[in-house]
Amino acid sequence: MLKFLADRFTAIKTKIISWQLKSGDKKEQSYGKKFIFKPARRSFSIGESPIFYAGAFLIFAVIVGLFSSGSAGKLSAENLTADLGSKYISQDLFAESVKNFIRESPEMVLVQSNSAVAITPPMTVNAQILGDLLGNSEVNGQERKEAIEYIVGEGDTFSSIAEKFSISVDTILWANNLTKGSIVKQDQRLIILPVSGALYMVQKGDTLSDIAETYKGKTEEIVAFNGMSNEGDIFIGDLLIIPNGKMPAKAVQPVLAPLADSYFMVPCEGKITQTLHTYNAVDIGNSCGKPIIATAGGIIQRTGLIAIGGKRITILHPNGVVTYYGHLSSILVQPGQTVSAGDIIGYIGKTGNATGCHLHFEVRGAKNFLSKYPLGAYLTWQNK
């Protein structure tokens, strides 16, 4: 189609030049005489009119522009890669259970050494900034209903930390996969729930009533506390807080079978400002307004604004793994929408409780493929 239009444009251009030359010849003839030559008014057929050619040229330009902009909302999977990796990021990112997932608290990977350049969900706090979180458990004037990350201070014990946040010691142990024999260390990072209870990540086949029964919670309390519209408002990868819940007996971990290697894109360009931390996340810092893409194809599950995480998106991929994109400045997709790898889904921001423009990127249900990159590494999209 574009070749045909280009050929047509060349023919139009040739005719316009030919018409101009003919007109010029007549003018030159008139200048050799002692009177002004006024050629008779000439009528043009549609195929010869210069106005027709000019209009055709404008139409050609508009069509070319439309063809060029058609792919503006998508970045090709073949042209995206991290500058520190191979052509593609290829590894056993997604893994599926040989049997059904066992309903138990998710294992949260915490970083003990690196410092947080950008505050991310869950919000990182230490003993010096607890004032706003104590008593009424509020963040920025709103009741806190999300987990935060606490950096253990000198002299802290599980009991003293539990007292500071008005929760039970068991709640801290359960959320961090610790036992009563565990020892708390200074600078250790702990997940702190807003209330006493349990934390659970929704797996395939779960229902809210089953989760409530397993954790000795109440369905209506789970719905209300997690801001759900109803009992059916549940998606794989959701992190649910179960008020006053109790952890079941520790189950045997399911055996994971790696899938075939798959290709995944880096979600945005920028510098790693925080390596692997709570909720299996990595932070990528860049200017606000830079595009964020779907790292793989899937269905949009949740979008919208939450207190700490800001504007966020979750995508369910075909094998049950969920990716989470937080602190966005704007969102371009809607729940239920199907996206392909490379589709632009939003833009980097600093909404929610964040310091500086960055993307908080989580992988729920599998290894975070960005965890292999060190602090300060720069990820970029490059052509093949």
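Placement of Cβ uses the backbone N, Cα and C atoms for every residue, glycine included.
As recorded in TrEMBL, the features of this protein are as follows:
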TRANSMEM  51-70  transmembrane segment
DOMAIN    148-192  domain 'LysM'
DOMAIN    198-242  domain 'LysM'
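Predicted-model confidence for the domain 'LysM' (148-192) is 89, expressed as mean pLDDT. Secondary structure counts, DSSP: the domain 'LysM' (198-242) has 14 helix, 8 strand, 23 coil.
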